[in-house]
Amino acid sequence: MCGIVGAIAERNVTPILVEGLKRLEYRGYDSAGLALIDVAGRLERRRRVGKVASLEQALAEQPLSGALGIAHTRWATHGVPSEANAHPHFSHDRVAVVHNGIIENHEELREFLKGEGYVFTSQTDTEVIVHLLHLRLRELGDLTLALKAAVQELHGAYGLAAICLDQPDRILAARSGSPLVVGLGLGENFLASDQLALRQVTDRFIYLEEGDIVELRRDSVQMWDVAGNPVQREVVRYHDGAEAADKGAYRHFMLKEIHEQPSVVQRTLEGRLGAQRVLVENFGPDAAALFAKVRNVQIVACGTSYHAGLVARYWIEELTGIPCQVEVASEFRYRKVAVQPDALFVTISQSGETADTLAALRSAKQMGFLSSLAICNVATSSLVRESDMTLLTLAGPEIGVASTKAFTTQLVALLLLTLAIGQVQERLEAGIEAELVEALRRLPTRLEEALAMDKVVEKVSELFAEKNHTLFLGRGTQYPVAMEGALKLKEISYIHAEAYPAGELKHGPLALVDADMPVVTVAPNNELLEKLKSNLQEVRARGGELIVFAEANSGLGNGPGTRVVSMPSIHDCLAPILYTVPLQLLSYHVAVLKGTDVDQPRNLAKSVTVE
Ligand code: G6P
């Protein structure tokens, strides 16, 4: 999704802005641009459709140099990806604005501003902001006052930054529904939608809160809260993840992130396991008292995070006997929900900024849930700030658009949650918690073993390079794992992939099975294995080619049309975490064979901050 970078300094800020945009590339975008007040005192810009590299090329051909600038990567919402729609947008060549989010009343504002004589040159909702700001500036004569007035008239979500030729001593920015962070330098200051964009220039950050307005000058930062009162926000030093925007020895971020799973799972477990139990205190000081009251769990999330929720439902109901519902956020937020008594509302999100998940949380607050808990990877995100409780996944920044390490750490966090509730309510079967705590401690090693299967999985991936359709099968907790495997394959290799609970095979998908449609099955050793074996027979009988991930002692063997990939043995409860890994590797290798853009698949964004 869109990204913002801004800088005010004594030196030329163009390289800082371009580097910042590159660091935001992981969010997905389709055009890029920057504007600055150049050394000759003109407001100039360069914009390009496509990658930041094209913008860099444009800057090489027509260089820009100046000490005050804003830059943007745009993911089209209103208006096609084009140079005219790319940010920064200008008004009368004096004011420039970049914006993330959506202005919902842009049509009325556009009509109003046309009436005031403004001429629009783009189809974007953003252009109303820059003309409105220009109008208020004409009336008030001061950019800071003008922005404060203009935001009062905007409905919707925005993180925005503005500069003005007549007041080249400042950058103005405002946040409402779309994250912004200030980066503090010495005699220079910066702004971005994600601190990752500024890691090359500072490690000191101030996170804007909802409704905040900030005025950045070279040597000062002034802020006002939603009520317009001057406010000081905490300065946070950021150390972790400095190296995350670097692929290291890996060819793609996705592969690097797949391989980070043992260590980030380890990190997510650190400090959270006692000798034989989960440390409930990690969920917050009131968690134990609150968990004692929980009679229902409602999970809401999007995409991969939703799949993590689906696995958790099996765990919660099986281990604690507490009913659990799971729903995608975009559905939950728009229907009349019958809230169960004493229900805990749980959101799962890597970014903590997904618009639908955040909106679901906000509406849940009006619905009478007992409390809200966020399972989230970004400590400073809106979701974390707005939830009653948080359990952070400590996956570190995830750059590949297709989520990998965020998912496995979410599963770990959800199992901790399950055990915490079960423990507090004494609902767990005797001995199971100690057994699972022990299994969790060994999980990083099991994940290493799964990663060691990389070469085998790479070989298997050759089967898929020429295929257009695939089917993923699983039973129990492996059904959501199959869903996640199918999602990964379609996201990055563009092969059509569907997941089915294996028992549903003969109720439809079997009709599709033939030699051109490989069937991938995740089959850990459990009470469902025998049933799964019959499903596999059904596939073989139709000439379908089978790829089965199973333990060596599963009784499943290679044969004509059947390829069994041997998995490390694992506690059945943790099998969904382990079996996810070879499916990630499989989709990665298929995508590499097909030559697709693994880290930034077409049409997809890492962080979906609009509906
Ligand atoms: C986008 C990403 C997915 C992610 C989903 C939910 O679609 O491409 O990888 O699973 O958003 O994001 P969240 O940050 O809320 O987990």
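Using the three backbone atoms N, Cα and C, a Cβ is placed for every residue, glycine included.
Unlike curated records, TrEMBL annotations are generated automatically.
Summarising the annotation, TrEMBL assigns active site, nucleophile to Cys2.
The Cβ of Lys606 (active site, for Fru-6P isomerization activity) has 22 neighbouring Cβ atoms from other residues within 10 Å, across all protein chains displayed. Under the DSSP three-state reduction, Lys606 (active site, for Fru-6P isomerization activity) is assigned to coil, being neither helix nor strand. What TrEMBL records for Lys606 is active site, for Fru-6P isomerization activity.
Mean predicted confidence for the domain 'Glutamine amidotransferase type-2' (2-219): the pLDDT average there is 93. The domain 'Glutamine amidotransferase type-2' feature in TrEMBL is assigned to 2-219.
Here TrEMBL flags 287-427 (among others) as domain 'SIS'. Taken residue by residue, the domain 'SIS' (287-427) breaks down under DSSP into 62 helix, 28 strand, 51 coil.
Residues annotated as domain 'SIS' in TrEMBL: 460-601 (among others).
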Residue pair Lys606 (active site, for Fru-6P isomerization activity), Cys2 (active site, nucleophile) - Cα distance, angstrom, rounded: 10
Protein Cβ atoms within 10 Å of Cys2 (active site, nucleophile), excluding its own: 28
